[in-house]
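Novice: If you scroll down you'll find the structure; I have some questions about it.
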Amino acid sequence: MDENNREHKSNPSIKGARKGNVKRDGGQFKRNTGYRKGSNGNPPYKANTHYRDSSNFKSNRRPDMFPGRKVLDPRLRDKYSWGEGVNMAGVRKRSWTRRKRLENKEARVKEAEEEAARAEVLLTENTGLMEANEGTYTSHVAQTDIRDSVDITSATKSFDLKLDQFGPYKMQFTRNGRHLMLGGRMGHLASFDWMTKKLHCEINVMESIHDICWLHTEQMMAVAQKKWVYIYDNQGTELHCLKKLCHVLKMEFLPYHFLLCAGGEVGFLSWLDISLGREVIQTYTKKGRLDVMTQNPYNAVICCGHANGTISMWTPNMKTPVATVLCHAQSLRAIEFDPSGRYFATAGVNREIKLWDARNLGESMHTYRVGSGASTLAFSQKKLLAVAMGNVVEVYDGVTTGAMNKPYMRHRCNSAVTGMQFCPYEDVLGVSTYSGYSSLLIPGAGEPNFDALESNPYLSVSGRREAEVKALLGKVPPELITLDPQTIGQVNVPRLEEKLEAKRKLMYIRVPNIDVTPRYRMKGKSGSAKKFKRKQRAEGDKKREYLKEAIEHRDNLGLNKMKKKKERKKGTEELLDRFKPKTLS
């Protein structure tokens, strides 16, 4: 027995064979029980009893039926296209570095287009219009029916505010659609988060309010009062009094330029830089009171409507309008641009609504006739057009395609409508009246997906500060505002031709004829000979001054350097020229 025990201790494989079936393979022991031995002798986990040869693992996989990336739909690629690229045929073949740089830039643009098209699958939200059953119309659906049919969160977005003491009211949403400001003609001013109904401030300015406007954030707002324009914060504290802007009727804020544009009742149009606190320019339009005014979000051009049925487009770098269009035979009552800036609608007192293409102002695209003269127009992000006629609000679909036959929705308010705006990124239409404010649910009006870098409704305090700093760093100068922004990156051909003509004129310097009349001198100094010498001396001095200025101009244009290089190439080198000092030219 002792010999057997010693044999078992010396041979662990024999010892383990009595306690359990153990196999020895390369010095490692594996039990047939299926458990791998732990550090303390307990079986902590189940071991794999089946092994696959790694050399045959790839061969056992199924072949990919769709290798590579998914092929993009051509329509999706065209949707996110940045336009035509650079024509490489116009680039000289000798400039290899320039050609390579342009090719790399075009490759980056193509990659950005493709990634944007592929990322559309991440936009899970979609939009759609309300559809009615057979024999009914969507315009017959009331707001109460919509509130009863939608979820609780959407139903809370429809509400009415009864404010019948300080009206009529003006209203405006912020760019991210989160905050709302109301201003009554009798001095009532209020701002609040209309989704959570949290009030920011509510004051009475003790003066008449003619217009209100949000600035770059919801922390600052501009109010056009009886005489001057005042700046308030979100707590109702007065920050500034802009006495240069007096008797203002309409205001527009350009967010990418940090410019506050104001139109007065006398006819003055002013641009104020709020980041610097200085007035950029003030232009006298000579068109009367400017109570109809809006901006084109595409090029930041201010568009004003006048009593003679015309509209005029203004920029801060010109004293005259960049464009004037006769839209209606009668007086103009409202102008509104769509969010893309490609189309705009005008309404006249003759009950006509005309749709125009901002890229072609020669003729209107479509002309519609409504029941009465429209006083206010509003475009949604999905190109729905809201028309206010008295106390009736009608919303039309398919305005840009010419299918504006019957209203998509209709709502009757308690009093006449004085202001109207679609809330960004929400299916909500805000309507201000003589007796308060109404929030209407318009299915399919808002853009369901927002760009958080452009306007984020859920910004935190630190995110808002960071966005404000980035906006200030990317501020666009007012000199770049033009009717066609694409011309900024193009070559100014007339100016270039003038410079080339000036160079051609300076190639050959010709002294003009100089006529000098010497003055009369006493004591025999005005004799014919002495007078002729003084005349020659004066003419020589004038010619030398002219030649000196011409040579300086040639040096500035680099013509003398070119001439020296040509002479150096033409001249023959002497034997001792190698010892001449080298000069930088």
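From the backbone N, Cα and C atoms, a Cβ is placed for every residue, glycine too.
So TrEMBL says this about it:
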type     : residues : note
COMPBIAS : 1-10     : compositional bias 'Basic and acidic residues'
COMPBIAS : 522-536  : compositional bias 'Basic residues'
COMPBIAS : 537-556  : compositional bias 'Basic and acidic residues'
COMPBIAS : 570-585  : compositional bias 'Basic and acidic residues'
DOMAIN   : 407-485  : domain 'BING4 C-terminal'
REGION   : 1-70     : region 'Disordered'
REGION   : 522-585  : region 'Disordered'
REPEAT   : 325-360  : repeat 'WD'
Novice: Taking DSSP states H, G and I as helix and E and B as strand, how many residues of the compositional bias 'Basic and acidic residues' (537-556) are helix, strand and coil?
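Specialist: Residue counts in helix, strand and coil order: 20 helix, 0 strand, 0 coil.
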Novice: Go ahead and report the DSSP secondary structure tallies for the compositional bias 'Basic residues' (522-536): helix first, then strand, then coil.
Specialist: 9 helix, 0 strand, 6 coil
Novice: By DSSP, how many residues in the repeat 'WD' (325-360) are helix, how many strand, and how many coil?
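Specialist: Helix, strand and coil residues of the repeat 'WD' (325-360) number 0 helix, 21 strand, 15 coil.
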